[in-house]
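Annotated features in Swiss-Prot:
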DISULFID  Cys173-Cys184  disulfide bond
DISULFID  Cys179-Cys199  disulfide bond
DISULFID  Cys191-Cys213  disulfide bond
DOMAIN    172-214  domain 'LDL-receptor class A'
CARBOHYD  Asn97  N-linked glycosylation site
REGION    202-272  region 'Disordered'
SIGNAL    1-25  signal peptide
TOPO_DOM  26-233  topological domain 'Extracellular'
TOPO_DOM  251-272  topological domain 'Cytoplasmic'
Amino acid sequence: MEACCLLQLPQRLLLLGAAALTATALETADLAELCGQTWQGDGLLLRSHAASRRFYFVAPDTDCGLWVQAAAPGDRIRFQFRFFLVYSLTPAPPALNTSSPAPADPCAPGSYLQFYEGPPGAPRPLGSPLCGLNIPVPVASSGPFLGLRLVTRGRQPRVDFVGEVTSFRLGPCGAYFRCQNGRCIPSSLVCDPWGMDNCGDGSDQGSWSPADCRGPSPVPSQTGSTDAHTSRSLTPSPALGSAGSLWIAAERSSPAGRDPTRQDAALEGSTE
């Protein structure tokens, strides 16, 4: 029998009557804890859930949305993954009485992550739904808002990802740091202790000029949330999705170097 731990979170309406979190420097947060909220700041290390890289997020029927807002007017948002795993062992069954052909999107039957362009009042899908085990290419918004929506469907969903959020601008940098590729990022993100590639070309973490990062920095704990360094204000935000109570179920993630699909197949066989 599969062992799991369940934690019930307070009920939230996704991005509706949500709290806006404002940050001024780099921090960590968990998507599962920010459902229905709008986060604003310089940079963010975003995990799927608090136990990322140790346990899967396996809550079925999850519909969790988050808006990320750039730090300043004229900025955009860039998101790149460090690690990505989103799928379901068994896809959701097809709807009854449907005569239309199966969708070409391979994520359609199961769990997926979808990005959106803003504004929140009129979200537009940005790219195709993402699923599988391969790290997707980075995405960037054309305006100050980038939305994320995690949907789990089917039998035994498996979710675990870590991504880097960066507020950036193009053109004159002003007080921002100019990357070698021409992007401008907040100076607070240069030589950050997580080693995040906020520029996208590594120049904000280089030991050479203009970053001049001096040796490795102590890596802070990644178990914190945004609560300690943010101010909250209530803002009405339209929903990317809707859900009732959100449950987090945890199962141990596969060890490094092992194929999680093989591990799940073995686990599934042992329970039947």
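Even glycines carry a Cβ here, placed using N, Cα and C.
Bear in mind that the values here come from a model prediction, so they are computed numbers and not experimental data.
In this view, Cys184 (disulfide bond) is surrounded by 20 other Cβ atoms within 10 Å of its Cβ, with every protein chain counted. Note on proximity: of the disulfide-bonded residues Cys191, Cys199, Cys213, the one nearest Cys184 (disulfide bond) is Cys199, by Cα distance. Counted with DSSP, the domain 'LDL-receptor class A' (172-214) comes out as 6 helix, 4 strand, 33 coil. Within the group of disulfide-bonded residues (Cys173, Cys179, Cys191, Cys199, Cys213), the Cβ with the highest number of other Cβ atoms inside 10 Å belongs to Cys199. The CA atom of Cys179 (disulfide bond) is located 10 Å away from the CA atom of Cys173 (disulfide bond).
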